[in-house]
Amino acid sequence: MDSDSDCDAVAMNIQGGNASQARTFSLENLPAEFVSFLAKNEIDPAIYTVIDLPRYVRLNPDPHLTITPQELEKQLGTKVEPVPGLEAFCKLSGSVKLRNCQAYKDGRIFGMDLSSGIAVYALDVQPGEHVLDICCAPGAKLCMVAGLLTNSGNVCSDRSRASNQLQMDITGTVTGVDISAHRLSTCRALLKRHRLQQCARLFQADGTTFSVMRPSALDAIRARIMAGIAKSKAEQQAQNTTQGKRSLDDSDDYSGIDSGAQCGNGGASSSSQARQQFHTNYTPDADNSVKRQMLSGLTPQQREDQERGHVFNGTEIPPSQGKVVPFYAPKILRNDPQTQSESYKYDKVIVDAECTHDGSIAHILKYETWGWDSFHKNFMAQDRLDSLADLQRGLLMNGFRLTKAGGIVVYSTCSLSRAQNEDVVAWFLAKMQGRAVLEPLPKHALGIPTANCKKPCRSIVASALGLQTADDGSWQGSAEQEAEMEQFQNHVMDMCLRYDPLASHTSGFFLARIRKIA
């Protein structure tokens, strides 16, 4: 699920309020069991006194919906500061209300906490990739991923932008999974509101057992369209050579997408026409067009096999054992055969795991208003706390399983608890035994202060490695083992990332970036 910073941003935008600026807060109001939880997890209660946090918004990268910080400042009548290193994000006063802002109504800005945006940037989403978002609702991160797939977000020429746009429109997708139908409805509404639904699909499922691979139906479409682009480029280059003009080799790849339409050949091979054909045939209003395009030119038997998901490009691929009906999918993705194959695993996976939400200031303030009884029931009940680490481990393990070799998994929570963060990552790495490695995160380049990470529990690491622990759960090893344990613990601390209100002036957030080796 999205961290509460995302949830609160959506709720505040809709309601036009900001709870943290509407009231003060006293540590004396915290219930004793929550204070005990904070002490056990070495969380400074002082973070809940920081109630003047700024609000962050993300600028829409869609070239048709862009707005500059200067234009937004005029609309809001308050200072708008771009975040260094994350120019798509701007910082506002926490008291600013977005509901009546025209840029918000038009979908030019998104309410989203900065720490949540950094989690998406840690994925390093590239054009044409397939991304899985486990615990995706209510959809702030999902929308950001969809926007990165749909729009390059880079300053480039119209020709370059059109070329990249074509490739992303055809190939890139994001799949969101959440167990709550109600929260998925919010996610779907956000996607549609910001016109990002064409590359996204949603599933209501348990993130620990979800097994639907990335869409495979698009591959045939991509091959057909990209072949048209390559042919158009070759024709344009030949024409330029004949006319004594310089070759297009110095231009961006697929630059013939615009030039091909101007060269006068007028054929169906023109890449600009190919792009137009794609948007005509594969928009939501085009019934069954995906099947028609995929199956054209095949024999009746080939068509039957292709429809059943048995064969792709001459290779036999087993269909999924019972297709999972999407909660939402555009028509281009709705009839995907859901083939099960290593080649259809996801390029990137984000696991924003279910947690206690103790890092969210707005969340804690909300329960002070609503009553601590509901907070205990939803988050502090002992049986839930006892099972939470197992749930988080299961989500991370399944996300890793669905990632292709060489791909990236980002694990995040809006908790500051060691047990839900460093301990989960350390346990996972020990279990993987070299199949997964931590990678550096962009904390230094961003210039945003971070909090110190915590040393993972020795006994949890030892247990994951199959080492014997004492009856009380403690572990004591040889001198060599102790040195290796210390090195491993320090490595996890150094490579993970923590934000908290005191150090970062953002909501509390934990982040780890993992590369799948095999």
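In case you wondered, yes, glycine gets a Cβ from its N, Cα and C as well.
Annotated active site, nucleophile per TrEMBL: Cys414, in sequence order. If you look up TrEMBL, you'll see Asp352 marked as S-adenosyl-L-methionine binding site. The compositional bias 'Polar residues' feature in TrEMBL is assigned to 235-245. The compositional bias 'Low complexity' annotation in TrEMBL covers 256-276. Under the heading domain 'SAM-dependent MTase RsmB/NOP-type', TrEMBL lists 346-517. Among the features that TrEMBL reports, region 'Disordered' is placed at 231-276.
Across all of the domain 'SAM-dependent MTase RsmB/NOP-type' (346-517), the predicted model scores a mean pLDDT of 90. Residue pair Cys414 (active site, nucleophile) / Asp352 (S-adenosyl-L-methionine binding site) shows a Cα separation of 8 Å. Over all protein chains present, the Cβ of Cys414 (active site, nucleophile) has 30 other Cβ atoms lying within 10 Å. Counted within 10 Å of its Cβ, the other Cβ atoms near the residue listed as 'S-adenosyl-L-methionine binding site' come to 29, all protein chains included.
For the recorded site, the residue listed as 'active site, nucleophile', the DSSP three-state label reads coil.
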